[in-house]
Amino acid sequence: MSTTIVGFPRLGEFRELKFTTEKYFRKEISEEELLAAAKDLRAKHWNIVKEKGITEIPSNDFSHYDNFLDAAFLFNVVPASVQNLDLSDLERYFALGRGYQGEKGDVRALPMKKWFNTNYHYIVPKFEKDTQVKLAGHKIFDEFQEAKELGLNTRPVLVGPFTFLQLSDFEEGVKADDFVDSLVAAYQEVFAKLAELGATCIQLDEAALVKDLTAEEKALFLNLYNKLLADKKGLEVLLQTYFGDVRDVYADLVNLPVDAIGFDFVEGKKTLELVKGGFPADKTLYAGIVNGKNIWRNNYEKSLAVLEQIPAENIVLTSSCSLLHVPFTTANEEFEPALLNHFAFAVEKLDEIRDLDAIRNGQGSEALAANKELFATERVGENAELRARIAGLTDTDYTRLPAFAEREAIQEEAFKLPALPTTTIGSFPQTKEVRAKRLAYRKGELSQKEYDAFLAETIDEWIKWQEDIDFDVLVHGEFERNDMVEYFGQNLSGYLFSKNGWVQSYGMRGVKPPIIWGDVTRLNPITVKWSSYAQSRTNKPVKGMLTGPVTILNWSFPREDISIKDSTLQIALAIKDEVLDLEAAGVKIIQIDEAALREKLPLRRSDWYEDYLDWAIPAFRLVHSTVAPDTQIHTHMCYSEFTDIIPAIDNMDADVISFEASRSNLEILDELKAKNFQTEVGPGVYDIHSPRVPNEGEIDNTIEAILAKVPSKKVWINPDCGLKTRGIPETKESLIRLVEAAKAAREKL
């Protein structure tokens, strides 16, 4: 039996790629130095996979920014505005992901969306009327050659043509079918070039096949692959799926002339049932049996029981998806062995795949025995008081009174805000000084008194600055917080925190998800100190800033021994206690961020409510259901597809919601109007994920577009996300323009 993985993390064991790339962005190193460092990192990663005994090693799973963007660049799906920039290929590539503002021009970044139900974000290409799809890049060939020079005949990985078309945007007047022939020709050119270089197999990632597919989408898939596979140029083709099962196309899929198919046996509800119904003897089945999205040890007995039921003659063991969704290795962690033994990060998952292969081949008895022992006893006990509190919840605990319309009138009278009130999402830039002071405090080099004095001074500066430019609702800036989930988790029982458990989120940005180890309760007030301090420094309202229970759950590595619903309700009660303490301390506007609400929405619509929304939305309502009617509840949501769950979002019963919608051209506005959305809304008037400052008139035009779709009394003016990662000069310049644009728009009402 052979072993492989779908893909490997890119940032490096210690986020080397992130830090090197950021040096390049700051012009501290050259393009050549960046490319050389990336080449060294790839070699290191391939060597790790090889030394762990994995027999089939992927290549081109590495990316300087995003693998979907890589595919767009490879196939020339690049807007003319970027094509025409007098920049190097690498500079144009980064301009697509980050935007560009300089002497050569000014272009906005492409939109960014969540990658299925993960916290990874992909860059969304756009097919335009004049898009000429052709083979234009060489990264996939360069990296195959690099590996070959190291003595490795790798399996290049590429986004499949169906998923590429399904997840891209299209200019009005063009559609996916228009590009089938040119895209197939470009893929076949890739096949031919790889075959020339000595490749024997290519992996085409078709995650879009695990979603609900219409008849038209199935027809598109079959049209693409019937044409593509008519001439494979001598390559074997592995069609790889993940994040679910392929029930809609299984019968068609197994009859295609592909050589191998990869299935997800972790998240694929019906995968085992499908393959037990029959799998062709002339194809190889890649069994994704080791979870690529969570960090818990694999239960070998359970995995072996699944594998024994697979009727395929030729099986390759693999991960359920790319390992980029988990941290690099547990080797650098400082947990006690009794805790650490329960975790497997990317490198350790290589061991698990190898172990399972060995056990199936009659070896690995010691590994199996050790694994059995690990799962023989309960890992953690229960909090009986918490379980009783949850059991005692009734419908009234999830209902806020009075109803929204009455609260809206009460709050209008209480706050007396102008039309189109201005605010920010919460965080301000975390400078080197802010991070250095936090680190010094954590190391004991700065006393509590000294650290508090620094935070108070920083908050004072930003409160005064917000007053000076005439913001309406202020924020304290979150300078005391390292991360919007970790900061809360550190004040909750049941949480563990890795030292180096970084996972790529978008571009070079990493997040360090905490681990939910046991039952979750609040240990002490978390945000009251600094929120109430900030409110004491101004007569204007200052928002209290909390992370919501669904987002805390979704941006953590969840337990597998209880349901995510039960874990979320535990977190909801902890955050509810914090909301009530903030209210009692005089904080009358409280933002409960649900940035990741959409993230764990099942990929199939039939599962949306029963498996997720029926408990996720009530969990949010539980948090704020008992606040007074004159306390205003805000929430915020990050890049995602929201249009299909607008009624559920309205049902959260917040008073104000802000979306990250500016980068996607405010597409959500039409749906808000169509669904008669009642909650007040701040769609975001500029994109903070790009370092560019919005041009004169740009924010004015965005506000005008918003007001064309949403009644002015319902509209808030804000950036599309927090400003933690931005620089101070660009932040201040952008926010001054925002306030000026809001005032100008008020005069036109």
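Using N, Cα and C of the backbone, Cβ positions are placed for all residues, glycine too.
Annotated L-homocysteine-binding residues in Swiss-Prot are Ile425, Gly426, Ser427, Glu478, and among Asp577, Asp581, Asp593, Asp607 the one listed with them is Asp593. The 5-methyltetrahydropteroyltri-L-glutamate site recorded in Swiss-Prot comprises Arg15, Glu16, Leu17, Lys18, Lys114, Glu599 together with one of Trp46, Trp517, Trp530, Trp555, namely Trp555. In sequence order, Thr424, Val475, Met484, Met545, Gln591, His636, Gly722, Lys724 are the same-chain residues whose CB sits within 8 A of the CB centroid of Ile425, Gly426, Ser427, Glu478, Asp593, the residues recorded for L-methionine being left out. On a Cα basis, Trp555 (5-methyltetrahydropteroyltri-L-glutamate binding site) lies 18 Å away from Glu478 (L-methionine binding site). Annotation note: His636 (Zn(2+) binding site) sits in a strand segment as assigned by DSSP.
Looking at Ile425 (L-methionine binding site) and Lys18 (5-methyltetrahydropteroyltri-L-glutamate binding site), their Cα atoms lie 25 Å from each other. Reduced to three states, the DSSP call for Glu16 (5-methyltetrahydropteroyltri-L-glutamate binding site) is helix. The shortest Cα-Cα distance between Leu17 (5-methyltetrahydropteroyltri-L-glutamate binding site) and any of the recorded positions Gly426, His636, Glu660, His689, Cys721 is the one to His689. Closest to Gly426 (L-methionine binding site) in space, going by CA atoms and restricting to the binding-site residues Arg15, Lys114, Trp555, Glu599, Cys721, is Cys721.
Note on Arg15 (5-methyltetrahydropteroyltri-L-glutamate binding site): other Cβ atoms within 10 Å of its Cβ, all shown chains, come to 18. The recorded positions close to Cys638 (Zn(2+) binding site), defined as a CA atom within 10 A of its CA, are Lys114 out of Arg15, Glu16, Lys114, Ser427, Trp555, His689.
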